[in-house]
Amino acid sequence: MKGRLLDAVPLSSLTGVGAALSNKLAKINLHTVQDLLLHLPLRYEDRTHLYPIGELLPGVYATVEGEVLNCNISFGGRRMMTCQISDGSGILTMRFFNFSAAMKNSLAAGRRVLAYGEAKRGKYGAEMIHPEYRVQGDLSTPELQETLTPVYPTTEGVKQATLRKLTDQALDLLDTCAIEELLPPELSQGMMTLPEALRTLHRPPPTLQLSDLETGQHPAQRRLILEELLAHNLSMLALRAGAQRFHAQPLSANDTLKNKLLAALPFKPTGAQARVVAEIERDMALDVPMMRLVQGDVGSGKTLVAALAALRAIAHGKQVALMAPTELLAEQHANNFRNWFAPLGIEVGWLAGKQKGKARLAQQEAIASGQVQMIVGTHAIFQEQVQFNGLALVIIDEQHRFGVHQRLALWEKGQQQGFHPHQLIMTATPIPRTLAMTAYADLDTSVIDELPPGRTPVTTVAIPDTRRTDIIDRVHHACITEGRQAYWVCTLIEESELLEAQAAEATWEELKLALPELNVGLVHGRMKPAEKQAVMASFKQGELHLLVATTVIEVGVDVPNASLMIIENPERLGLAQLHQLRGRVGRGAVASHCVLLYKTPLSKTAQIRLQVLRDSNDGFVIAQKDLEIRGPGELLGTRQTGNAEFKVADLLRDQAMIPEVQRLARHIHERYPQQAKALIERWMPETERYSNA
């Protein structure tokens, strides 16, 4: 193995890695020894010195050593093993809920034990629940760790101890095999070498300040952060360069349809809408595919911008596809576009996963023949059996639900006769600038930063759940006395449609009993699209006073007469999602209110979140705060897609580096194409597939 590059050494060559463990490691994208070395600790534990048991404070993680006094199993309520140890300064109780007979036998009275865990205050003094422990041999001095102990991101069935043992082997291989230095010499001068940085981060010496590691300021981290941010930026440059190699249909100015639609509208587009449409039209006139992200706050009128872009393509005899994240939103878009486009003689088709049999087949034929010029749907519109007829523009609504990989797969899908469609991506989740510069560096960005006239800011109040009866009275007053409509939103912490639906049904029953004079509707994610649509339609037509809903109404629902929203358990949602929900009211000229009905006690973070919503109606301010509170991955909705999942970099903490990283990435992209490719392969193997497309 001597002299081999570690990206070519499979993990199966390490001792103890068989087929079963290989499969588990593959789930966290660990295939080679290089992958393992770049799988960095989440945090560290200091197990290098002993704490006297008598000095343990609650909440402190510590290593203690003591002699076993007794070890007992109790069966009251829950089966449990307790073991007491003493070091002369005090007694510690170790509690285990999962244990075996072998564990009980190893902890015999008189044995010496080294244990590590979080100290808690128990009934009989200090205790630790499920500490890691080791029975000591006959040594008079305990065997303490010589380095800080790493804690790695892991997956089911892979223990920390396994990852530590494998990493030990991988670090040993650094002596005989190479991990390639990919930074050009002018960049890496004065920096730690890559092997040095990896050794330091996997096995930090006890002299190293934990605070340096926790804040990401250690030179070993800075070395890897720079490399990872460069790889990310280089992948975006490669995607952009790739896009420039493709051909799109140039769609020159043809404003006949656009002017007809504008003349029929009861309002004039805002200056911001007009500016963004001009930016889009400029892109669509070119023979390379447009890749543009349009950000607009809730209610800023993105749908009209999308419609005007669509008309440019349709005027040239081409097709347009609009993809939305949910069937409810897709159907609402289809209805909006039909209202605008039918008078212009344009046929709008709708395609969703739930459509079956003849109806689906008929819709597919209408798309393939070109009879339908505008196709609206969920991701179902990009399934194999859907054939387009001159698709020239793809519009993706709520980009934030689709990661970089979906964005690219969709693009490959749309190409026909050597042409790639133009792409327009719309999000109502404003993205802070530093994040947009990094996560969407392959896209040009437009911002609709002006609300249409006649919108009123929503007044937001936070009220404890103990005053629920007062809030129900407030709903009665708004609906009966003021003639308004209201939403009551149920949220659940579990990502479970079933539990969420059950919670909404229970609330619906409660409110029907409490408000017998009101017509109360219910909509949740487990209802059939037709049922949801019927409820939404009767709410929109004013037949229902109150709509009980889950977060399915988060995006796109437009009922101007609704001026009151109650959000239950708002502490369970992020700021961006709460702001989206709140955007369902305040769509008419009447003063609107949003009540955040929270459960006490509130955590510090939840208090900050609710305060931000009370203070601001500006989506961009809220997004920046959300980034500060939650971190970039959650904000981009990419915990699943891996788009913002960095191994060592942190977009919030490292944002000051981003402008310099972008400059360096351009330098490497132009001067060192081989290194650029290798950096992307090392840090972002998924993206590499696409930049070669």
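Cβ coordinates are placed from backbone N, Cα and C, and glycine is handled just like the others.
The ATP binding site annotation in Swiss-Prot covers G296, D297, V298, G299, S300, G301, K302, T303. Here Swiss-Prot flags 283-448 as domain 'Helicase ATP-binding', drawing on sequence analysis. The feature domain 'Helicase C-terminal' is assigned by Swiss-Prot to 482-628, with sequence analysis given as support. Positions annotated as region 'Wedge domain' by Swiss-Prot, on the basis of similarity to another entry: 48-146. Sequence annotations record features per position, and here Swiss-Prot assigns motif 'DEAH box' to 397-400 based on sequence analysis.
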Cβ neighbours of D297 (ATP binding site) where a neighbour is any other Cβ within 10 Å: 23
Candidates G296, G299, G301: member of the binding-site residues with the richest Cβ shell (10 Å): G296
Among V298, S300, K302, T303 [binding-site residues], residue with fewest other Cβ within 10 Å: T303
For the motif 'DEAH box' (397-400), mean pLDDT (0 to 100): 64
Residue distribution over DSSP helix, strand and coil in the region 'Wedge domain' (48-146): 9 helix, 47 strand, 43 coil
Assigned conformation of T303 (ATP binding site) - DSSP reduced to three states: helix
